[in-house]
Amino acid sequence: MGNNDTFLERAFSLYKAHSIKDMENTLQLVRNIIPPLSSTKHKGQDGRIGVVGGCQEYTGAPYFAAISALKVGADLSHVFCASAAAPVIKAYSPELIVHPVLDSPGAVHEVEKWLPRLHALVVGPGLGRDDALLDSVKGILEASKARDIPVVIDADGLWLVAQQPALIQGYRKAVLTPNHMEFSRLYDAVFRGPVDSDDRHGSVLRLSQALGNVTVVQKGEHDILSDGQQVLVCSQEGSSRRCGGQGDLLSGSLGVLVHWALLTGPEKTNGSSPLLVAAFGACSLTRQCNHQAFQKHGRSTTTSDMIAEVGTAFSKLFET
Ligand SMILES: NC(=O)C1=CN([C@@H]2O[C@H](COP(=O)(O)OP(=O)(O)OC[C@H]3O[C@@H](n4cnc5c(N)ncnc54)[C@H](OP(=O)(O)O)[C@@H]3O)[C@@H](O)[C@H]2O)[C@@H](O)CC1
Ligand SMILES: Nc1ncnc2c1ncn2[C@@H]1O[C@H](COP(=O)(O)OP(=O)(O)OP(=O)(O)O)[C@@H](O)[C@H]1O
Ligand SMILES: [Mg+2]
């Protein structure tokens, strides 16, 4: 090996050691936002989460998001979906509360009734792109903002936001969780030009700033997260298995973590934004679930296998 190679190798391992140390410091902040289990709490205190999504075509995505919220530690998990999706989702799980309201004329009112009892909403998994449904979701987002309810926006919820960025502009309790395509779409909608693929950090930072400091989580080989001030990178080891539904696990988990983080407040997150810390927690957890499931199932790993790992992955990362 030449001198140059040795130099590069050392520089790389120093960089790696540095980023592992950064990750460990941020994981410690995630640990600070997790509420202790206590016999004095009543059902609901650790989180009542709503998922808005689920249509005729997609029933798996809202299920994955809602069950993940429960497995992470929420007490109650609701799904607000189109009527055709409801019996299917109910049949997957007796643990979810399912409201077949999204395609009814009074959809916004039907969801609004529940808002006072919900701590966070996850908007978009399996929603589809039907205009009437998206129009109702627009009303639900406006009602949530008016009540200051935190919202995680994912999947087709991001499609809606790309059509109308004003919907979440400046709403500091919003977290967006785009995948590669969804990020490009949002970026193009806001900046009227393509993403600079050589500067992922800068792109995520700029998008967050342009949207008025909403938290943005760009998922990928490494997850890049920003609140418009800080940029974090989550490189928790996952696997090379990319089955559909992993993003739904992430957004459902994030619904609960966002609620916990806002309850705790910035004193315990060392000045970092609580939402950014929550997002880092959800990314690390999803990737750890993927890693553990892959160890057992290899190429046949599916999102259901990952959900079965939530409990042990959570303890390993956050309760050690
Ligand atoms: N079981 C269920 O019910 C599930 C339902 N789901 C629901 O499906 C709905 C649509 O969601 P979505 O993610 O398919 O969205 P969309 O914007 O059409 O992008 C997809 C296209 O983007 C591309 N692409 C992706 N990654 C890329 C990359 N790194 N680099 C480059 N390209 C990349 C790729 O394009 P291709 O390779 O096909 O050309 C891919 O086809 C939504 O409601 C969601 O919640 C899912 O949650 C899964 C489980
Ligand atoms: N190349 C990769 N290597 C490791 N992890 C990845 C990679 N790409 C994505 N992930 C992880 O997979 C999870 C889901 O990201 P992904 O980009 O697949 O979302 P998605 O397309 O919205 O998924 P879904 O199928 O649920 O809609 C995230 O935790 C992300 O960190
Ligand atoms: Mg997705």
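Heads up, the Cβ atoms here are built off N, Cα and C, so glycines get one too.
Automated prediction, rather than curation, is the source of TrEMBL annotations.
Taken from TrEMBL, the feature domain 'YjeF C-terminal' applies to 26-317.
Over all protein chains present, the Cβ of Glu182 ((6S)-NADPHX binding site) has 24 other Cβ atoms lying within 10 Å. In the three-state DSSP classification, Glu182 ((6S)-NADPHX binding site) falls within a helix. Under the heading (6S)-NADPHX binding site, TrEMBL lists Gly126, Asn179, His180, Met181, Glu182, Phe183, Ser184, Arg185, Asp248.
In this structure, Cys243 (ATP binding site) belongs to neither helix nor strand by DSSP; it is coil. Cys243 (ATP binding site) is surrounded by 15 other CB atoms, counting those within 10 A of its CB over all protein chains shown. Taken from TrEMBL, the feature ATP binding site applies to 219-223, 238-247.
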Pairwise CA distance, His180 ((6S)-NADPHX binding site) versus Glu221 (ATP binding site), rounded so that it is a whole Å: 10
Contacting binding-site residues for ligand 2, chosen from Gly126, Ser239, Asp248 when the Cβ sits under 6 angstroms of any of its atoms: Asp248
Fewest Cβ neighbours within 10 Å, where candidates are the binding-site residues Gly126, Gly245, Gly247: Gly245
For the binding-site residues His180, Lys219, Arg241, the one whose C-beta sees the most other C-beta atoms within 10 angstroms: Lys219
Among Glu221, Asp223, Asp248, the most crowded of the binding-site residues [Cβ within 10 Å]: Asp248
Recorded (6S)-NADPHX site residues Gly126, Asn179, His180, Met181, Glu182, Phe183, Ser184, Arg185, Asp248, farthest C-alpha pair in Å: 19
